[in-house]
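Colleague: When I checked Swiss-Prot for this same protein, it listed these features:
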{"type": "BINDING", "residues": "11, 48, 82", "note": "[4Fe-4S] cluster 1 binding site"}
{"type": "BINDING", "residues": "156, 160, 163", "note": "[4Fe-4S] cluster 2 binding site"}
{"type": "DOMAIN", "residues": "2-119", "note": "domain 'MTTase N-terminal'"}
{"type": "DOMAIN", "residues": "142-375", "note": "domain 'Radical SAM core'"}
{"type": "DOMAIN", "residues": "378-448", "note": "domain 'TRAM'"}
């Protein structure tokens with residue numbers, strides 16, 4: 001049986017796309033995924049261009065594949081994702097042994113691109129933006145476990161000054177309302193209990209409803225997803241503060257299937273820096289969203305994205321960011337030093353902050369977040385948490401593991417319960433009393449109801 005190896009860089013959208021690449025090649029050519037690159041007949045790199053030196057990292061990986069290609073001439077090497085969108089045919093110019101180059105919106109054409117390459121002997125490049133077409137050509141998702149991702153929209157129209165996403169993934173395009181619901185319903189029938197709705201700006205969703213001119217917003221979509229039998233938990237990422245409507249806030253007061261955790265990127269806490277970033281909201285507006293959410297759910301946990309060292313960031317600006325992190329008490333974050341991306345407005349901004357200062361700021365921020373994480377984890381000891389059981393624990397397969405609503409991994413034993421009994425719990429929501437907190441997980445005991 002032929003095999004495909006996919007290496008994924010970047011966000012959850014890329015993870016979702018990588019799964020779809022495997023699904024497409026499995027449905028069309030019977031390929032199965034492998035974790036061993038040397039066993040593969042097709043090697044794909046699903047790339048990300050958000051961080052610094054992304055292109056060079058890709059070419060470095062490709063360089064290592066050249067020797068493998070020499071040994072296996074029929075090996076197919078492909079580059080997809082956002083670096084592919086940016087670089088296009090220049091990838092083949094620099095690495096002529098690459099067979100196919102495709103963008104995020106053309107991954108469904110992968111079988112045709114590979115067939116054309118094998119037929120003509122010419123490398124194939126397709127980095128077009130055919131709207132939402134790819135979803136019409138993807139095979140049904142293959143379910144692995146009780147949780148699944150569902151992409152509901154693509155692209156971004158916000159054009160933040162530092163970000164390449166609108167240029168590499170195109171502008172915002174939403175999937176039709178019924179298509180999303182049908183996919184979620186199909187997943188639920190296969191045993192999925194938790195869905196994560198995905199989009200670059202997921203709460204900018206505006207899906208066409210049937211043959212009418214009516215448009216469903218994100219809040220309405222969630223309401224309908226919550227009514228699908230079998231779905232017990234709903235997550236989403238990544239949301240944008242500018243699109244966080246009052247309807248969406250109010251939904252947290254009446255939809256208990258929305259988890260008690262939200263990832264809402266703020267990027268910074270200085271209005272001057274936010275304006276330079278072209279984020280489209282103020283610090284006060286962002287805090288207002290958090291305040292209204294916590295009025296409905298006082299113990300709601302928050303995570304965020306932060307950029308330190310943006311051009312012009314002063315010590316005072318950074319102190320504002322640290323103060324907000326303390327005030328909101330973020331539970332985990334994705335934090336980075338600003339890296340200028342070619343072709344973005346921010347790449348042309350004057351930046352005189354030394355690299356060492358930026359690094360010190362990042363380390364200070366991450367240390368504070370880590371303290372928050374440990375404090376929150378310790379605070380969960382002695383509480384009873386609702387856990388979605390995902391399967392055997394990684395370190396001890398005789399135990400089970402699951403996740404809390406705020407994404408903590410919880411391991412727990414079931415003394416005296418046979419394997420069949422443990423297997424039946426996978427995909428179920430159970431109550432677990434938390435007994436210990438570790439740096440990256442929790443431990444607990446299942447609560448048996450009399």
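Cβ from N, Cα, C; glycine included.
Give me the local environment of each listed feature.
Modeller: In the three-state DSSP assignment, the secondary structure recorded for residue 11 ([4Fe-4S] cluster 1 binding site) is coil. A 10 Å cutoff on Cβ-Cβ distances gives residue 11 ([4Fe-4S] cluster 1 binding site) a total of 19 other Cβ atoms nearby, all chains included.
Cβ neighbours within 10 Å of residue 156 ([4Fe-4S] cluster 2 binding site), excluding its own Cβ and spanning all shown chains: 23.
On the 0 to 100 pLDDT scale, the domain 'TRAM' (378-448) averages 92 in the predicted structure.
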Colleague: Determine which residues of this chain, when 11, 48, 82 are set aside, have a Cβ within 8 Å of the centroid of the [4Fe-4S] cluster 1 site's Cβ atoms, and list them as they appear in the sequence.
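Modeller: Counting only non-site residues, the set is 9, 10, 13, 14, 47, 49, 50, 81, 165, 168.
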Colleague: Quick one: pull the CA-CA distance for residue 11 ([4Fe-4S] cluster 1 binding site) versus residue 163 ([4Fe-4S] cluster 2 binding site), whole Å only.
Modeller: 14
Colleague: If I take the Cα of residue 48 ([4Fe-4S] cluster 1 binding site) as reference, which of the binding-site residues 156, 160, 163 has the closest Cα?
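Modeller: Minimum Cα distance from residue 48 ([4Fe-4S] cluster 1 binding site) across 156, 160, 163 lands on 163.
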Colleague: Measure the Cβ-based neighbour count of residue 163 ([4Fe-4S] cluster 2 binding site), defined as the other Cβ atoms within 10 Å of its Cβ.
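Modeller: Result for residue 163 ([4Fe-4S] cluster 2 binding site): 21 neighbouring Cβ atoms inside 10 Å.
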Colleague: Counting all other Cβ atoms within 10 Å across every protein chain shown, which of the binding-site residues 48, 82, 160 scores highest?
Modeller: 82
Colleague: Neighbourhood of the [4Fe-4S] cluster 2 site (156, 160, 163): other residues with Cβ within 8 Å of the Cβ centroid, in order?
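Modeller: What remains near the Cβ centre is 158, 159, 162, 164, 165, 166, 200.
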